[in-house]
Ligand SMILES: Nc1ncnc2c1ncn2[C@@H]1O[C@H](COP(=O)(O)OP(=O)(O)OP(=O)(O)O)[C@@H](O)[C@H]1O
Ligand SMILES: Nc1ncnc2c1ncn2[C@@H]1O[C@H](COP(=O)(O)OP(=O)(O)OP(=O)(O)O)[C@@H](O)[C@H]1O
Ligand SMILES: [Mg+2]
Ligand SMILES: [Mg+2]
């Protein structure tokens with residue numbers, strides 16, 4: 001490929017091996033000044049790895065990176081940052097104990113050495129300016145640990161753009177954002193484009209890609225598949241490039257008759273989180289819960305599952321009022337919960353797939369007090385097959401699985417405890433389109449088997465595609481309960497933005 | 001014989017006299033014995049005795065004496081951790097015009113009075129016994145106390161003095177077992193592996209370690225071939241000497257040290273003169289004379 | 001989805017994974033073998049049956065403590081009170097073991113009970129308050145030392161019954177009792193860790209406490225269990241030690257906690273919790289024991305012993321981590 | 001990565017946030033005041049100027065060590081070699097401080113240099129190998145003890161010059177030198193932690209090493225810096241101690257590391273890294289000093305002292321954490 005002065009960034013022949021496994025194999029990527037270049041691929045395709053090499057967090061085995069035609073030193077974050085690369089990381093890279101301002105300017109406090117002096121007032125002012133410009137109302141002197149995931153993600157964005165970089169990598173910047181913040185981000189991206197900044201944009205949300213991207217490069221399984229102008233592609237063709245085949249309809253039709261009531265809550269409240277929420281779910285029914293970020297959906301789920309206490313109200317299981325003090329109680333009453341934060345509350349990274357899957361129902365696999373490895377393996381193998389979890393073996397550490405498969409492991413764990421009702425909180429966050437389709441299929445299967453499902457999601461298509469009824473929360477209050485027929489994107493948003 | 005002591009120990013103002021005592025280590029049986037005797041004598045004399053444990057730290061000891069000074073006690077008894085490092089305590093007490101008595105061992109700064117004995121001498125006695133037993137010829141191993149502590153240094157010094165006099169005695173190995181019975185047992189076991197029956201005698205810096213060595217040798221069936229001698233004459237050691245498993249120990253008179261120390265403290269507090277140095281001699285304890293050292297059961 | 005080539009299905013990955021986990025366990029084992037071979041070459045006295053027997057006997061006490069603290073560290077905790085528990089339980093056992101007053105099971109049970117209570121107290125404070133285990137067990141370390149001194153009045157308790165002294169000093173079919181106890185407890189602890197629900201929960205709690213909680217695991221019960229087991233194992237160590245030296249020593253065990261924790265960490269247990277094996281811990285304890293024995297055999301002067309000991313331990317773990325790369 | 005940010009800690013409400021952080025600092029301070037008031041009520045000898053002076057003087061050595069280890073713990077590390085560094089540096093200083101052979105700055109510099117090298121060695125091994133700091137510093141703890149004995153030939157080094165002895169024993173305007181040194185170093189360490197880039201990076205490295213790395217921070221430099229500073233502060237403690245007891249003592253400082261770490265943790269530094277303040281550490285050290293002094297004043301018998309000490313320390317931290325709820 002000839003050198004082109006339009007190309008601010010050229011990556012050629014890049015290969016990266018993790019202990020014998022090729023995560024990237026002879027990958028190339030060329031990015032023009034002022035373009036939004038989407039990098040697409042399934043979970044585990046190597047997108048983040050490529051970007052981490054670019055910013056210098058990982059060292060490539062071979063290949064070259066040219067920035068403005070000059071080679072970029074391999075594996076040196078400082079050098080990469082100095083030469084104008086910034087990155088929003090997929091995993092939130094925040095120091096919880098430091099403030100927002102301190103996080104934004106971390107590593108760039110002064111121009112001096114380690115013994116330079118700090119001026120936090122100055123940092124706060126600068127941060128405030130920056131956040132105001134972005135239209136974010138977060139106090140710069142708030143400690144990072146008190147922010148919601150969404151707010152942290154916005155701070156990360158602020159951090160990246162404050163660097164005056166000429167190439168900004170955004171690795172799933174919107175995974176925790178709702179439409180409002182996404183719109184803000186896109187506004188920022190357009191501004192940056194105007195200034196000639198190149199953006200490398202990674203996301204699993206297809207609509208975003210076609211809204212913002214100029215060019216799309218696809219990786220599959222560590223291999224470079226191709227680069228196309230976004231205008232030349234549509235969703236189906238892009239998916240075909242990513243997964244190497246056609247994908248059917250995302251939301252298969254399902255017509256299952258709903259059965260008896262499984263769970264109902266009446267006017268439950270938790271001080272400072274939500275109040276007077278009432279709903280019920282029936283066997284074979286999917287109840288969607290929609291709402292904006294911070295509407296309190298997760299809080300409702302946690303309270304029902306016994307992770308938090310409710311301050312008033314009543315929870316009934318199959319018509320019987322129950323008191324739930326801990327997840328153990330909840331599990332006993334037949335409630336399952338898949339957290340929106342799978343790293344935090346979902347799986348144990350250093351336990352194997354098998355061990356994670358059986359974790360919530362372990363006593364079922366004992367004989368004479370001893371664990372029955374075979375029974376565990378049998379059950380796990382079946383679950384791996386049922387949920388199509390892609391893992392080399394049941395003994396693989398979950399740590400090494402891709403996001404989608406980690407999610408399925410958590411779902412498998414919850415299923416094994418044979419719940420009557422499952423609460424799925426953002427079940428497809430950060431998951432590629434193929435895995436999403438599988439999770440949707442799975443939800444329908446569960447539904448068919450008579451399980452009641454509560455699904456919390458920020459993705460309206462998902463809510464609309466799967467739910468039989470939709471509860472909309474706004475600022476911790478119940479704004480509406482919509483039937484499948486009443487619900488459209490517009491009506492949901494109208495209720496969600498009420499007050 | 002102390003009928004007038006209660007009255008006698010009122011200070012000038014008629015207030016009860018207060019004596020502060022800082023002890024090397026209250027985890028050491030010998031020191032506990034000294035302190036028990038001090039407590040008993042103090043009670044008989046109607047003196048308030050404040051005992052603190054320096055836990056073998058000279059720094060802590062200096063601090064404790066500082067604290068005594070701040071509390072304005074009438075006299076201080078110090079059972080020094082170190083010769084040099086505990087000296088500032090003496091200097092500070094003297095500067096504050098509070099009499100300070102060293103009990104059991106000395107410091108380089110001379111206190112108001114000294115009651116005790118010279119550790120070097122105890123080791124000389126022990127080693128001399130070994131030399132005599134072996135007829136001036138044989139292989140010896142030595143177990144040190146915690147390295148760098150005054151007692152360890154002095155006991156090593158005494159042992160080496162005697163070894164020099166007997167060129168036929170060879171010190172084939174020496175190692176610390178940190179005053180500890182279990183560690184001494186491990187060490188002896190390892191030495192047995194190294195030297196087998198090539199060892200003729202063991203000198204341990206204290207009885208605890210001596211008892212550990214005895215145990216290891218007994219287990220290995222070597223005890224009757226190897227002489228073990230240690231220092232302190234704790235009850236366990238005396239018993240062992242009586243049974244013949246420990247060949248000898250060196251007796252220091254805890255009771256005398258304790259009572260003489262209190263006596264000196266009370267006198268000095270009241271401004272009376274005392275002996276500058278009260279030396280309480282060591283005595284070698286062997287099977288022959290062990291009976292006279294054994295305490296009657298309480 | 002047949003066409004999709006999934007990186008996780010690649011055979012290479014499997015082999016990588018197994019290689020890592022194999023090495024993870026093997027790493028320190030290799031270092032251990034290196035040290036042993038070196039010692040055998042330097043001195044012929046090292047590799048003899050009696051000497052190896054002695055090493056294992058000597059290691060047994062530290063290993064028992066290390067097993068207990070391995071449980072604790074796997075859950076993300078720490079136990080600094082081990083040494084003091086050895087002293088307290090040893091003194092308690094000795095008080096009941098004096099010359100044939102009670103049958104030997106009484107001192108054993110008394111010792112174990114005191115260890116159980118001590119450990120349970122640690123667990124109770126740690127689970128009910130938010131005080132970090134480091135501070136709680138540092139506190140009970142001091143408390144325990146005081147208790148041992150109070151109970152024994154600061155003096156060794158001797159003249160223990162022969163049957164009691166058999167525990168640490170006797171032999172069964174030519175094998176010293178401490179070795180037998182070590183082997184049995186190693187088996188028991190391995191089984192608990194690998195084959196019971198409790199063991200699995202330890203890894204879960206240490207690996208991700210929140211996920212464990214969300215899986216319905218009673219975190220506090222698991223923590224109570226590990227600290228109590230640590231207390232019980234310390235009691236066993238205390239009993240073996242007391243019996244071995246035929247004396248209840250109030251100042252026994254000082255500093256043992258560091259050796260035990262070192263054995264666990266050398267053996268691959270991570271201080272951040274969630275990983276660790278009993279086999280690794282055993283190797284860690286053996287490594288420390290072998291070095292200490294070797295240095296005595298070689299008659300390295302005591303000042304240099306300390307230097308060499310430190311260097312070899314760091315060196316062994318460096319070797320281990322290089323191996324794992 | 002155990003420090004996953006908990007999205008549920010949410011309530012971002014400013015007021016709540018500041019309340020928490022204010023209490024976080026105040027908690028142990030309240031406990032400290034409670035202990036002081038209690039002691040003043042029990043014994044009139046406690047609240048006197050000379051006694052308070054003595055307490056602070058006595059606390060100074062532990063506080064200096066605790067400052068250093070606070071840096072280390074904030075970055076997520078640990079330093080068990082503190083006590084040995086005190087011994088080595090004290091011996092080195094004493095070797096150069098013998099009766100007026102050199103001007104007093106020579107022994108001071110020699111001591112500090114040896115501490116710097118020792119600490120830098122810790123940092124070097126920790127950053128270049130993957131060996132956990134616990135093992136590395138446990139190893140150098142043993143090595144250091146051996147070195148101190150080798151350098152001093154196992155004997156105390158005495159007859160130090162008066163000018164040297166002034167450092168730990170002298171007074172300036174009626175204030176004991178150790179107190180002055182303590183105050184100065186407290187100020188310096190606080191400023192480093194709160195006002196310099198290095199301090200900020202310590203929090204970052206301990207709070208989230210990945211994030212720190214991704215922000216272009218040279219993790220290894222920060223770690224080298226904290227272990228080196230820990231060595232320097234230990235050297236200062238070693239010099240003060242040596243001067244205070246007018247002797248270079250090869251066995252000095254044994255066990256000091258635990259007290260120093262305890263002071264830091266009592267003062268609110270979390271062993272998992274990322275949090276901690278110098279003021280908290282100072283209060284932690286003072287609390288330990290006050291309790292120890294109080295127990296001596298009350299003439300609590302030494303065995304019970306240990307029990308009471310343990311109980312009060314756990315109690316104070318429980319009080320602290322209850323306060324923080
Ligand atoms: N540190 C590591 N050690 C071993 N394997 C790794 C490591 N980091 C990534 N991998 C592997 O490299 C491959 C590519 O991972 P990468 O994170 O780049 O995927 P991705 O395309 O960003 O996926 P996602 O969409 O889920 O974020 C995966 O198979 C992953 O398991
Ligand atoms: N920045 C904030 N300031 C104050 N309170 C907040 C903030 N963010 C969230 N909360 C509180 O936390 C509660 C729940 O937030 P959470 O983000 O978990 O809700 P959610 O609807 O599940 O949103 P999502 O899952 O999309 O993040 C809200 O009721 C809100 O009061
Ligand atoms: Mg990624
Ligand atoms: Mg949510």
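Just so it is clear, glycine is given a Cβ too, placed from its N, Cα and C backbone atoms.
Residues or ranges marked as transmembrane segment by TrEMBL: C:23-42 (among others).
Sequence-distant contacts of the transmembrane segment (C:54-74) (same chain, at least 6 residues past either end, Cβ-Cβ under 8 Å): 82, 86, 133, 176, 178-179, 181-182, 185-186, 189, 192-193, 202-203, 206, 226-227, 229-234, 236-237, 240-241, 244, 256-257, 259-261, 263-265, 267, 269-271, 273-278, 281-282, 284-286, 288-290, 292-293. The transmembrane segment feature in TrEMBL is assigned to C:54-74 (among others).
Positions annotated as transmembrane segment by TrEMBL: C:80-97 (among others).
The transmembrane segment annotation in TrEMBL covers C:104-125 (among others).
Feature annotation from TrEMBL assigns transmembrane segment to C:131-151 (among others). Counting same-chain residues at least six beyond the ends of the transmembrane segment (C:131-151), those with a Cβ under 8 angstroms from any Cβ of the stretch are 72, 77-81, 83-85, 87-88, 90-92, 95, 118, 121-122, 125, 250-252, 254, 257.
The transmembrane segment annotation in TrEMBL covers C:172-193 (among others).
The feature transmembrane segment is assigned by TrEMBL to C:224-246 (among others). Through the fold, the transmembrane segment (C:224-246) approaches residues 60-62, 64-65, 67-69, 71-72, 74-75, 77, 79, 81-82, 85-91, 93-94, 97, 107-108, 111-120, 122-124, 126-127, 158, 160, 164-169, 177-178, 181, 185, 189, 192, 198, 202, 252-253, 256 of its own chain, all at least 6 residues removed from its boundaries and within a Cβ separation under 8 Å.
The annotation transmembrane segment is assigned in TrEMBL to C:258-291 (among others). Here the transmembrane segment (C:258-291) has Cβ contacts under 8 Å with residues 24-25, 27-29, 31-32, 35-36, 39, 55-56, 58-59, 62-63, 65-70, 73-78, 82, 186, 189-190, 193, 203, 205-208, 308-309, 312-313, 316-317, 320 of the same chain, all six or more residues outside its ends.
Outside the transmembrane segment (C:303-322), and at least 6 residues removed from its termini, the chain residues within Cβ reach (under 8 Å) are 27-28, 30-32, 34-35, 262, 265-266, 268, 287-288, 291-292, 295-296. Residues or ranges marked as transmembrane segment by TrEMBL: C:303-322 (among others).
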